[in-house]
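Peer 1: Take a look at what TrEMBL says about it:
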{"type": "TRANSMEM", "residues": "31-51", "note": "transmembrane segment"}
{"type": "DOMAIN", "residues": "43-306", "note": "domain 'G-protein coupled receptors family 1 profile'"}
{"type": "TRANSMEM", "residues": "71-94", "note": "transmembrane segment"}
{"type": "TRANSMEM", "residues": "146-166", "note": "transmembrane segment"}
{"type": "TRANSMEM", "residues": "194-218", "note": "transmembrane segment"}
{"type": "TRANSMEM", "residues": "256-281", "note": "transmembrane segment"}
{"type": "TRANSMEM", "residues": "293-313", "note": "transmembrane segment"}
Amino acid sequence: MNNLTGRFNTSLNTSIATTILPQFSRLSIRLWFGFSIACCIFGTTFLLILLSASTKRQQLRNGSHILLNHLMLMQLAICSVIFPIALIVSYLMLLQRSPYLNCPAFMLVYTTLFFSENWANVLIAVNRFVVIIIPHYYAKWATKPVLYGMIVVPWICGLGFSIPVYRGIGASFTAAPDPVLGFCYPRSNGGPFIVVWFTFLNYVPITLTGFLYIAIFLKLAVTKQSIRGRINPQFIVGDVRAAVPRAKNIAIARMLVVSFFFNFITLVPGPIITAFFPLFAMKGLVQMWVAKTLVLCGYVVSPVIFLTMSADYQKAVCKLARRLCRGAVSVQAPSNVISLPKSEPD
């Protein structure tokens, strides 16, 4: 498969020069690239702030927040590593460069991370569904074995279904000669495997997550239960307490519903434009903005929503900021002391 990259590189100059560059100025390409990289930096910074703040507040290190921290770590890898690599390679291809990239290896990491993140979202939605819809089962779902299992299972799904394609079973990760198509993509070896593969790892988890959050939203909207209610404090398993104020559970659920909604609207335009407006989709930079930058914005907005809608994250970030300010002041304090020269005796 490594030979694919070589064949891919040799065909770049002719394919890009004849199909892509005549349509776009270098300025429009650079504007797209600059904005997309800025989104990566912004999202990475926000995620680092939230993860750092989570270590300073105990409430953000226990219970379902373990799952949220795991999700943010995955999103951090996507914003800080996966998207920058994809954007840089696509940008160089648009400028008639021939970047080297081990396509199968990159796609193995790419698909594993993205598909694992999809299923991690499903299990977080299941966790919120239990605590909001059937809270009497929450004690069983709050145990550490269950929580850690909900961290491991998404990786089993993502890695378990990516390795066969990496090995060429049913499909293969192939280098594409056109950045509009994506510089790497899974090519079918024949049969329905690739359709089933992509549906199970992408559309199924997104659909399940959507149904779960719709059920949660309807439950909160119809019942309008008092946020003062609490889960029975007698349900205590290990060091994980199920006696969490219902107000916080509802706040977390609302935060996740809003986050999923914004992620969903960033994912939908790409398939819709490709299916119903194929001529418009053939315009390369349109696909770049829709298939790459818009999807990236979904990951960038997620930590902003977490911070905006969660009082716990707000308090943790404020606490982190105060510590950093005190640290900066303590470091600068010695430099502000002016030492007078010793006077020589007359």
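Glycine is treated like the rest: Cβ placed from N, Cα and C.
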Peer 1: Going along the chain, which residues at least six beyond the ends of the transmembrane segment (31-51) come within the CB cut-off of under 8 Å?
Peer 2: 69, 72-73, 75-76, 79-80, 83-84, 87, 91, 285, 288-289, 292-293, 296-297, 299-300, 303-304, 306-307, 313, 316-317, 320
Peer 1: Do the transmembrane segment (293-313) and the transmembrane segment (71-94) share at least 3 Cβ pairs under 8 Å, sequence separation 6 or more?
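Peer 2: Judged by the Cβ rule, the two regions touch, with the required three close pairs present.
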Peer 1: Cβ under 8 Å, sequence separation of at least 6 from the ends of the transmembrane segment (194-218): give me the contacting residues as numbers and ranges.
Peer 2: 111, 114-115, 118-119, 121-122, 125-126, 128-129, 132-133, 157-158, 161, 165, 170-171, 186-188, 253, 256-257, 260-261, 264, 267
Peer 1: Over the domain 'G-protein coupled receptors family 1 profile' (43-306), work out the mean pLDDT and round it to an integer.
Peer 2: 84
